[in-house]
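A quick write-up on the structure given underneath.
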Amino acid sequence: MDTVIGSIDACNPDTGDICRPPNGTVSTVQNSSPPHSTTTINPCEATLGRYLARRLVEIGVTDVFSVPGDFNLTLLDHLIAEPSLKLIGCCNELNAGYAADGYARSRGVGACVVTFTVGGLSVLNAIAGAYSENLPLICIVGGPNSNDYGTSRILHHTIGLPDFTQELRCFQAITCYQAVINNLEEAHELIDTAISTALKESKPVYVSISCNLPAIPLPTFSRHPVPFVLPPKVSNQMGLDAAVEAAAEFLNKAVKPVLVGGPKMRVAKAADAFVELADASGYGVAVMPSAKGQVPEHHRHFIGTYWGAVSTAFCAEIVESADAYLFAGPIFNDYSSVGYSLLLKKEKAIIVQPDRVTIGNGPAFGCVLMKDFLSGLAKRIKHNNTAYENHHRIFVPEGKPLRENPKESLRVNVLFQHIQNLLSSETAVLAETGDSWFNCQKLKLPEGCGYEFQMQYGSIGWSVGATLGYAQAIPNKRVIACIGDGSFQVTAQDVSTMIRCGQKTIIFLINNGGYTIEVEIHDGPYNVIKNWNYTAFVEAIHNGEGKCWTAKVRSEEELVKAISTATNEEKESFCFIEVIVHKDDTSKELLEWGSRVSAANSRPPNPQ
């Protein structure tokens, strides 16, 4: 049966209004198609620009992140005119893309609008990151006038050649569909195909719209569009049954099996099925670092993050000594494998990808959806809590940091002890690439607390834009972002957009004078950066407009006071807390991880 994207059946068929999900929710998939309204749209609204706007609202996008340019200005006029759509102007295209990435992590889909080539090439890095993380993202570009296609004219904002395909060719590698709209007749079809492909493939798409088209009325746009209907993905039933039977036999004869959740559970929409299997099996449950936040850490059999040599204490020992392990949606890259040093054996593993299951060295079963497989396996698995009991038996509670002297410089482990105390169901954590990866991994997430970071792509500076987008999508939660000074310098400008949007985020800016994660992989003078007065920088951006509060802390006593202010008197303000720490104050996990990644990077060439 076909399924409808968006909260469509909540709409009133008499008015034809397009409804949107409330802030902080992901667009839902309904099981039935509502009656289609035939209400005629006001002619001034029957334009390409308004059609695109209505389609975005329909799938749950109520905020679009943009940077204006002369090729997209008319399109922006028509997006602004849509009552249910808010345009969020960003300081640069890179941050607009990062914001759409963060927004998609909460809402299930995001969108950004930039101008032709000079804007499109600027946003590429963010779109590539979204592609690596399987995020549906609509990247909209204001393109050249339709009359310029097929001519030998040279346009501004290009590299000076009469070739308009440079931008398109760049996007082809990092999007799953590209639509170049330079005539009105096929515009609605191209837009619908692009959006539906992004939703089906859970990847970014590229939509270029000629600058002279958004304002032109056309009969095609005179009625409300037919709601999106996407055919659901289904498992091959024979393959599913065979995979479940083989996996149950494999696991039921194991003595101490474990479950490990991976990052592709998000795109497979299999988190609930994974928990169902965890409940039924009684196995010890771990999570890969890039899947933190997708498995409930309050689960009674949760044993921590499995990250090889830098795992949560006592977690790697249980996983790697198991005689069978099921990995749901893993990505084994050089970072997640700590320089290819995981002590796992293929013959002991069941690897479950979004649509494929591989058991040991074989067999493999294709056309089997992860959520169907995990749910089916939960009904066939025998309860076995041996691994969890072993973990419980050897587990020693983590010690607290040594108590600091009143005037002692603040240590990072003390900082994160206080951040831990901030977390609740009303918060979400964003961790920037760097030592924040490792320190935030050790945070214990309360039920309902969100968590996001970008591990596969690992682009420094991602978190500033992503925090903007994520906070805009879930105004009911307070976002806590942990960002290093080096990363912050890459994308700092859009703190101003957070203030302008009235967000109440808390940013902990960890100032240790450089790119610490690079230092621990391979040190050199290039890892030292010019120190800023970060609080003064944010105050200059604030400039007396909006709610903003800053603090610079050097000791635990100052930190406690700052957090108290941020969570009480300034709880409705954007809060920026600069934390001054020693340049060599890093987590022990980063030291171990950095040395192993360095060893992997410096392997000599194979003999020729």
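For all residues, glycine too, the Cβ spot is worked out from N, Cα and C.
Listed features, source TrEMBL:
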{"type": "DOMAIN", "residues": "47-156", "note": "domain 'Thiamine pyrophosphate enzyme N-terminal TPP-binding'"}
{"type": "DOMAIN", "residues": "244-362", "note": "domain 'Thiamine pyrophosphate enzyme central'"}
{"type": "DOMAIN", "residues": "455-579", "note": "domain 'Thiamine pyrophosphate enzyme TPP-binding'"}
{"type": "BINDING", "residues": "ASP485, ASN512, GLY514", "note": "Mg(2+) binding site"}
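In the predicted model, the domain 'Thiamine pyrophosphate enzyme central' (244-362) has a mean pLDDT of 96. In this structure, the binding-site residues ASP485, ASN512 were compared by how many other Cβ atoms lie within 10 Å of their Cβ, and the smallest count belongs to ASN512. Helix, strand and coil counts from DSSP across the domain 'Thiamine pyrophosphate enzyme TPP-binding' (455-579) read 58 helix, 27 strand, 40 coil.
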